[in-house]
Structure formats: structure tokens, C-alpha cells
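Remarks on the structure that follows.
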Amino acid sequence: MPAHEPRLWTIDTPNTSYVVAVDEHDRLRGLHWGPRLSPEQALALLDLPESPFRPVIGREPRFDLGAASSFQYGHNGLQVRFSDGTRDLELAFTEAIEGDGDLTFVFTDRHYPLEVRTRYRSHPGSDVIERTLALRNTGTEPIEVVRADSASWVVPGLDTPRLSQLHGEWGAETQLTRTTIPYGETVIGSRRGVTSHQANPWVAIDDGEATETSGPVWSTALAWSGTWRITVEKGPTGSVVVSAGFGHDPIAIRLGGGETLETPIAAGLHTEGGFASAAGAWHEYALAHVLPHPEEVRPVLYNSWEATEFDFTAEDQMRLAERAAAMGCELFVMDDGWFGARVNDRAGLGDWTPNPDRFPDGLGPLIKHVHGCGMRFGIWVEPEMVNPDSDLYRAHPDWVYHQPHRRRSEVRQQLVLNLARPDVADYIHARLDELLSRNEIDFVKWDMNRPFTEAGWPGSDDPDRLWFDHTRNLYAILDRLRADHPNLRIESCSSGGGRVDFGILRRTDQVWTSDNTDAVDRIAIQDGFAQVYPARVMGAWVTDSPNPLTRREVPLDFRFHVAMAGVLAVGGDLRIWSDEDQARGAELVADYKRIRPAVQLGRRRPLRAGAVTGVQYDRGDQTVVLVWRRSRAFAYPDPLLKLQGLDLDARYRDERTGRVHHGAILAAHGLELGLDPADYASAMIELTRLP
Ligand code: GLA
């Protein structure tokens, strides 16, 4: 990262450069985010009309660090209020500190005791740039921080900039939409205390013409699991700045004297080669720099929720475990209903000891049985919650978020514990540590089933802090449990996919993608999910038909083939599956284990041919294609499916048929799929590149 005169710096990644400059008013300006530039080329940016040293009357400059101050009428990622009421910042550039793959700009307010550090970090082999902001109150009076975005990303000028986003709701997470960006500010975010089903903290910008395989894309993701907002601002001349940060309107953080506020990481990525290329780069980043155990492939798990819900005994769980093991499952997860008085969703949440009627001898016998079946044992918990009908709530009614003279709104008969309180966080950590220390638990499904309401903290002199400290304390508990129980693996769940982000993925191993396990609906959910998160974390269960949620009937192979595009799991009631389905399920689980390294660790490419859609995963010499087609129109035959990213000079053996294909033909003309002409046809195709 060579520094240049005048005050211009470049953050280089293997294929991109991000160039910033400090202008004559000490403001940090984004000059370039795109293909890699040489130092000489980067300097030439100063000759462009956008140059900070060629002010154009009437054109609003674009800032990498938008600090609220005079004449800055656009979105400002940094907004504070000093104790005397002053809101404008006047930041002076102090220094740029360069490290290995690391660049930090330090600014200090010209009068008030505030130091601002904005940091850029890159990793070898990745085009992702991570940014954070740190604010330090160097005085004694508190400073109110109204907004502290981790990063503002200046996107180069585009004719018709388009926004891609992931929206949704419960049972319909990560729906991908692309819309032309309107002038002004477009804000997406969550005020729910959790990442949310409604919006995922990721956006992509393109020129309106990118496809899956062509065109430049600028994307950003926020690594935070609490409330957040991403502001996409299109200025009067069409320029776009994307600003991402934690918190939401109208909450503010009080920064006491001597205190430092560190924001979560906002990661930015510029790619060429279309949306699939951007997604692939995010997946590689997740595997190399986010996930705690990237080298592991995730086991095929069985989860008992849809089979039994709240109605089971230890023996029921044992019978399910035996059937799951016979099918080839490697991890058995007992879901909700094992603890306290939790025989329905009205009681017991918060009391993390085994229900004595269901487990008179504790969890030991079941765990022993599961391990005896050759599987690991996992268990469901929802530690941030409490049912009012629980011993915990009776003992500590003040431990939930609440406000004086206001109702305590329940969702699913539960309230949210004030995890921001250190004593509550310590208590939750201790209960979980006890559970994990007393039992040989290999895996935890950590759920969070309701958003915050009446989010108050009576008695606190800084109650808005709860929005930040809840998430920070959650992270700290997870980090501590992982450190003390190094073999433990964790699944993040929030009524399905309500807490999926790079913050939680730093300390968990997979996520529960959606409570909607309908294979047809899952295709869209998984496509959206895959824009940013890798298949390696995308939990996908095969459940019963008709589907319990949608009542849609879908053949077993189709259900499996869709789930095999992620972390395959089984979640159906195996007690009622026919012998034939159990046997076919076992074959498909065995198929999955062969293709698993390519799916979970390989490069994903979405495919389409007529009514057939699917995905291709490549790793080393292995190419795996999973395809599905809901129905054909007018009995038209399926077109050939063109594969992507193949070695055009190589030959590939189709492991189903033994036939050898030329890479050049598969790419230019495609592969004959031979799908069943009936509705809900699907297939898994394994190709091996021949030496
Ligand atoms: C949530 C989860 C489900 C299941 C139930 C149990 O809805 O998303 O998978 O664990 O809770 O109550």
C-alpha cells in the first residue's frame, strides 16, 4: 500500500484497488473502487473532475468517511452530539498508519476531545476489503454517538445503477430482488434486535446490465447480528455511496470519557464477471477469513423437530436416532421440548435442566445411545429467552427488556432476556457451560425466536446501550463457550434464517436457513442465500411430503437434490417413512457424502436451461451438478444444460453413465440431462476431469 503525494493511498487486493485521498479540508474522499491500478495510474485519478483538488462547483463530493459538518447535506455515516449541544464535526487529519494489509486513518476533532480512526484491511488471496470505525472520547464529558457507520463505500459513476438486496419474512428468507436505485436515500435494515428475516445486511450495486456471468459488481456486507442499517444514496448526478453500520434510528450510544467505540466489520468487494463471480468471492472469503473451522465439512444431521415437535419421550428420540443412523446421518439433534416444564411453547423456556418426566436419569442415556449409534449428539437451546411461566422468570421478572408503565408484549408466549446486563449474561453463560460440561454434547442449535419489544432497561443511565451490548454479550458468550469446549459446533437459528450474517458466522459453524423446508420454496431461498453465504453453512433438511408448512407434495429425490445443494440434513418423521423411502434416503445420503467436499468447499455456479435450474459446484477434478425442474410446458423436451468454468481442453467422465464428454462441448452445447419427463424431476450428476 504505497503512499503518494499528495495525500493519496491505495488499498490493493489481488484484482482490485481502492484509492482514497485526504483533501485540502482534511476530508477522506473515495476516488476509485475497481480494477487494480498501478501507483502511476492511481495518481492519474487526481486529474479527473472527481479529484479533490479540482473542485467542481455544484457537484457534491463523495466521502469515505462522511462526518456531519457544514455543507454536507447528504448522508453522513458519522454523527455525534457533544455535551454542549454541538453537532458539527471538524476533523483534522492526524496520520495514516500502514501495516501489512492494513491502513488506518486517524482524525481528531479540532476542538472537542474525539479521535476517529477508520481502518481498511485486506487479506491475501481475497478481494474483500474489511473496514471498521473506532471512536475514542479523549475527554471526560460523555459524547452522544448518533450514528457510527463502519464504512461508506464510494461506487464509481454508473449510468443506471441497480441495487440487489435480500428481503423476506419468516418462512421466506433471503428473497433476491434487483431494482433501479432511485435518487435520494434508500435504507434497508433491522430494528428488531436481531439481523432479521426482513432484510439481510448485504447489498450489491451494478450498472443495471450485469448478468450471472458478466459485468462489474460492487457489494458490501455488515458483520453484525443486532440492529443495523445500510443506506444507499444516489446523488443528483447519479453517483452512489453505500454506508453500512450497526444501530438504528433513533437510538444513540453514549460514549463516556476515556471510552472507545469499535464498530463491526463492513466488508466490501468489487468483482468482474457478474453476480456468480461476486458470490463466489464472498464464499471464498467466508471460508478463508470468517468461519471458525473452514477446513471441516459439516456432517449430515438429523433434527427431530418436525417429527415430534413437543410431544416425545427419551425412547422416541432413541428410535428416531436409530433410523437416522441407518440412513447415514452423522449427527442427531434433539430440538425443543427436552427441558424444564417445556411440553409446549407456553412454559419452561429459561430453565435449562432436563425435564424429569422425560429424562428421569438426565440426558446421559440418550446421549450414550446416540453415540452408540455412531452419531454425534446435538441439542436445541434458546438462551436469550424466557417464558413468563418459568422458574427463571418467577425468580427474576426484572431480567427481561421492559419499560415502566408499559405492557410486556409476548411473542410465542416468551419475553427477551436483557442480555446486555452483565449479571444476566453471566448467568446464561454459566447455565450453558454447566449443560455442556455435564453432558457429552457435540453440537448446539442456538435459537432466537422473537424480536425485541418494549426494549427498555429501567435503572440504567444509558438504556439504548442494550441494542449493542445484547449482541456483544451474545458474541462473548459464544466465544467463551467455544474456547472452553473446543469440540463444540454451533448452529445459528432465529425462527429459521433470522440471524444469518458474517458476525454470527465468525463464531458458529452453520445456520438454519429457514423453517420453510418445502423443496420448491427452498430453491429461491437458497439462491438468495448463496449471493453472499457459502453452501458450507446453509442447513437444508429433507422433510415429509406433503410439506407440513405448504402442504405441497414433492418426490423424495427432488427434496433430497435441493437439500444436497447445501449442508444436507434430514428432518422428517422417519417413523412414518416407508421402507422404500428409507432405503432410497440412505442411497442419497451416501451420494451426498461423495459430493460433499465440492458442494461445501467448492465454487458455486448457478445454471439454467429452459425450465430446468440448478447449481454446479467445482472443486479440484470434481464437478457436481444438481438440477431440478418443477414442470415442463407443452411437453417440450428439456434443453441441454451448458456447464460453466470447465477446462475446455479437458475431458470429463459422467460417473452415472461412464460416458466421457469434452469440456468444450459441455460448455458450448451442454449436457443431456435425461430427466424424468414428469413434474418434479431432478438429478445429481458427478463429473470427473480426466488426466
Ligand atoms: C424455531 C426454529 C425451529 C424449531 C423451533 C422449536 O421455530 O426455527 O427449527 O427449533 O423453534 O421451538
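Yeah, the Cβs are placed from backbone N, Cα and C, and that goes for glycine too.
Because TrEMBL annotations are produced automatically, they should be read as predictions rather than curated entries.
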Listed co-binder of substrate (same site as Trp170, Asp335, Asp336, Arg412, Lys445, Trp446, Asp447, Met448, Asn449, Cys493, source TrEMBL) among Asp311, Asp389, Asp515: Asp515
Residue among binding-site residues Trp170, Asp336, Lys445, Asn449 with Cα closest to the Cα of Asp515 (active site, proton donor): Trp170
Nonlocal neighbours by CB distance (under 8 Å) for Asp336 (substrate binding site), same chain, sequence gap 6 or more: Trp305, Glu309, Phe310, Arg342, Asp345, Trp380, Glu382, Asp447
Helix, strand and coil residues within the domain 'Glycosyl hydrolase family 36 C-terminal' (619-687) as assigned by DSSP: 6 helix, 25 strand, 38 coil
Trp170 (substrate binding site), number of other Cβ atoms within 10 Å: 16
All-chain count of other Cβ atoms within 10 Å of Asn449 (substrate binding site): 22
